[in-house]
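The annotation signal peptide is assigned in Swiss-Prot to 1-18. Feature annotation from Swiss-Prot assigns N-linked glycosylation site to ASN35. The S-adenosyl-L-homocysteine binding site annotation in Swiss-Prot covers GLU174, ASN210, TYR295 and rests on similarity to another entry.
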Amino acid sequence: MRLLAGWLCLSLASVWLARRMWTLRSPLTRSLYVNMTSGPGGPAAAAGGRKENHQWYVCNREKLCESLQAVFVQSYLDQGTQIFLNNSIEKSGWLFIQLYHSFVSSVFSLFMSRTSINGLLGRGSMFVFSPDQFQRLLKINPDWKTHRLLDLGAGDGEVTKIMSPHFEEIYATELSETMIWQLQKKKYRVLGINEWQKTGFQYDVISCLNLLDRCDQPLTLLKDIRSVLEPTRGRVILALVLPFHPYVENVGGKWDKPSEILEIKGQNWEEQVNSLPEVFRKAGFVIEAFTRLPYLCEGDMYNDYYVLDDAVFVLKPV
């Protein structure tokens with residue numbers, strides 16, 4: 001009887017998903033049609049032209065306060081970024097894999113977060129900076145090496161991999177169990193979210209990349225980072241999507257407001273950057289350098305890739 005009931009439930013779910021995926025008004029159906037009918041010069045190939053991509057790095061320095069003008073580092077579309085874009089565009093054209101990912105995402109979104117689904121499927125990798133951009137921002141050479149890195153909210157570890165050649169020991173934290181699995185496959189030492197503050201040692205570099213707007217207590221997080229950072233040569237590399245829209249992701253894709261609010265003001269990228277020195281000062285940091293970079297994510301059937309505007313800072317303790 002239980003087997004029959006389970007079979008009926010599965011059948012009903014399959015019918016519902018099929019109707020959802022293949023209705024003539026469905027974005028999935030339209031995307032499939034575009035993939036089948038467009039050639040190499042069609043909409044998918046045309047997405048994200050070179051001229052548009054260069055706009056990702058533009059900063060109006062005249063709108064920055066004087067102290068920030070002095071530490072701004074101009075970045076550019078480089079080879080490492082272009083390789084990520086090319087790979088993402090290629091993957092988005094793998095039609096049957098994208099169909100499979102879409103089906104699995106539809107089913108698993110009922111009881112898993114989008115982050116965990118991506119970790120399970122091994123898709124949706126993020127890109128914050130290339131090796132060259134990382135080195136220019138920290139003012140280090142390719143051979144520079146130090147002892148200990150902590151990457152908070154490391155996701156699948158692809159960004160960690162870019163930083164890892166410069167460190168002898170690499171630690172990471174992550175909430176998603178499937179992302180932890182991805183990190184462990186890369187041989188990184190995964191610490192619990194309440195463990196990294198209590199290891200008894202300090203970190204030479206702590207990365208906090210696009211995490212402050214997705215955690216419940218961003219102010220507490222900044223202060224915890226300060227408490228375990230090596231006090232003289234230690235640095236924090238912190239990325240933040242601007243304009244700032246904080247929320248906390250829960251199972252089923254539900255969004256909640258964080259319990260702590262960062263006082264970030266302004267309507268555009270430059271105005272919001274101007275309010276951040278005071279936010280960092282309250283946590284015990286000053287800005288040593290910063291840049292504007294695209295926060296990229298691998299695409300799917302609908303887009304070759306996704307992009308948001310990042311401000312990436314190097315912070316030093318005071």
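Here the Cβ of each residue, glycine as well, is placed from N, Cα and C on the backbone.
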Which residues in the same chain, at least 6 apart in sequence, have a Cβ under 8 Å from the Cβ of ASN210 (S-adenosyl-L-homocysteine binding site)?
MET126, VAL128, GLY153, ALA239, LEU240, VAL241, TYR295, ASP310
Where does ASN210 (S-adenosyl-L-homocysteine binding site) sit in the DSSP three-state scheme?
coil
Rounded to a whole number, what is the top Cα to Cα distance in Å among the residues the record ties to S-adenosyl-L-homocysteine, namely GLU174, ASN210, TYR295?
19
When you measure from the Cβ of GLU174 (S-adenosyl-L-homocysteine binding site), which residues in the chain that are at least 6 apart have a Cβ under 8 Å away?
GLY153, ALA154, GLY155, ILE180, LEU183, VAL190
Using DSSP reduced to three states, classify TYR295 (S-adenosyl-L-homocysteine binding site) as helix, strand or coil.
strand
